Amino acid sequence: MSKKVLVLAEAREGALRNVSYEAIAAGKQISNGGEVVSVLLGDSVQGLTAELGKYGADRVITVEHPHLKQYTSDGYGQALLAVIEQENPQAIVFGHTALGKDISPKIASKLQIGLVSDVTAIEGEGDAAVYIRPIYSGKAFEKVKVKDGIEFVTIRPNNIAPFAKDDSKSADVSSLSVDITNLRTIIKEVVRKSSEGVDLSEAKVVIAGGRGVKSEEGFAPLKELADVLGGAVGASRGACDADYCDYSLQIGQTGKVVTPDLYIAAGISGAIQHLAGMSNSKIIVAINKDPEANIFKVADYGIVGDLFEVIPMLTEEFKQLKVNA
Amino acid sequence: MNIYVLVKRTFDTEEKIVVSGGKIQEDGAEFIINPYDEYAIEEAIQVRDAQGGEVTVLTLGGEDAEKQLRTALAMGADKAVLINIEDDVEELDQFTAAQIISEYLKDKNADLILAGNVAIDGGSGQVGPRVAELLGINYVTTITNLEIDGTSVSIKRDVEGDTEVLETSLPLLVTAQQGLNEPRYPSLPGIMKAKKKPLEEVELDDLDIDEDDVEAKTETLEIYLPPKKEAGKVLEGELADQVKELVQLLHSEAKVV
């Protein structure tokens, strides 16, 4: 049976996040030939609807309201429940982002349905869809299916490939007017710490530093390499605890879980808690002075050496590669 | 202030995961309080010490979870509740857990409920917000700072590295993110006192819950370990050559740049 699938599009700083397109692709698979409806919320989002069509959404529904300029669970909850009521979907896909993690349990609870969080892969289509998700911080995986009711899942960014952009495609766009009232949370301020550069959880390349980075300044060469590769800088708990960087960069069991195409661990020993946050990356490169460091056990490629020598050389070499490409 | 903390007994973070017969082997494994729940317990104790009131720690599980509740009492919580579902619930998911917990809490008039933002075993982060929704109270997830003045609440929360500063009011459910505080270790006198603190045990019957009404909406079909990674390639030779080789490998073999 084909399904109508509602997928949430997420904008950040006026641009759609990749996970919006990944959710469309996941939605298509779950729909088994049915319709994928992308929902976009905000105070002014009309300019973003065309992109969703190009990435495969059949329809786009916008809800615009001044109270949706900033995310609150009450505001988004009211808007999304109104869309769900109108559309009556058989499946729903959100990104497993800060926003998706916060709002999805509220919606699931309100609708009295199950929710499969943090899905990294989907097997099968339609009614046969089975969701794969990491448990025990990625040390194991489980396959989950929804027994009855709406199939509601959140997908981990960077794991389900979006469709290639097709400029010839477009989606029907409609808007729904929702009265957003009685917000119990008032956002006073958002202090951006991660605004410079690429979002760590969505980055295709992550350059992470550990205690071996030795100081705040020690992160500079890592940043330079990240810039050349269009990636983001991350850190181990050790580096954060030592005050070399902000906790917002921490990757691991506590901290962020990342699954980039390329993870370069510089001066990171590879404690099990750190591995939990990055071991599912596609390719792992370890750079460490200690040849016995645990990180080499999970690395695809390793260089035994001083990161302060290796990283700048790598930066130069990648620059050359780009020039030649 | 009437404060509740939702805690979960989980595998120790250092434990190696062994799967047999499609299930995680628990024999001989060390269990702990979910690390994020420790931040929630610590915060609850600090709020009580500043504002007065009582901290109740609550968990859903079996007899085994008593140990984690005693640890929370030793840290400084006043009372503990074990909702023992061992004999009644075979399969539970986040829906099941939230329905049962909220059924217990619905007439308790909690001013503040704290929980970890995620459990390191299941990793879904659903139960806290689900409970808040069922109780009809507001919630704020991944908080790193909490200030309470009367019924007004100022919060800082972590949003993928950014800090959101917000205001809301009690009653409220919050989930703790790392950085909220530094959880204390139970002191020896604390451990002695904890043995005498009240630990209430309730079952589904006591809550007038029919297990069919809280039947899981999702089902785990299989649990498995990730494929073992083959040993990586540690490069050799002059450092400059190694760097060149690495870039070539990433470009031509791994095709990630």
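Every residue gets a Cβ built from N, Cα and C, even glycine.
The annotation FAD binding site is assigned in TrEMBL to A:R211, A:236-237, A:250-254, A:267-274, A:N288. The feature domain 'Electron transfer flavoprotein alpha/beta-subunit N-terminal' is assigned by TrEMBL to A:5-195.
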Just going by other Cβ atoms within 10 Å, which of the binding-site residues A:I268, A:A271 has the emptiest spot? A:A271
Under a three-state reading of DSSP, tell me whether A:A271 (FAD binding site) is helix, strand or coil. coil
Which ones, out of the binding-site residues A:R211, A:Q253, A:I268, A:A271, lie near enough to chain B that their C-beta is under 8 angstroms from one of its C-beta atoms? A:Q253
Let me make sure I understand the structure: which of the binding-site residues listed (A:R211, A:H274) has the fewest other Cβ atoms within 10 A of its Cβ? A:R211
Select the most exposed residue of A:Q250, A:Q253, where exposure means the fewest other Cβ atoms within 10 Å, treating these as the binding-site residues. A:Q253
Mean of the pLDDT scores, which run from 0 to 100, over the domain 'Electron transfer flavoprotein alpha/beta-subunit N-terminal' (A:5-195): 95
Per DSSP (three-state), A:Q250 (FAD binding site) is strand
Mapped DSSP class for A:R211 (FAD binding site), helix or strand or coil: helix
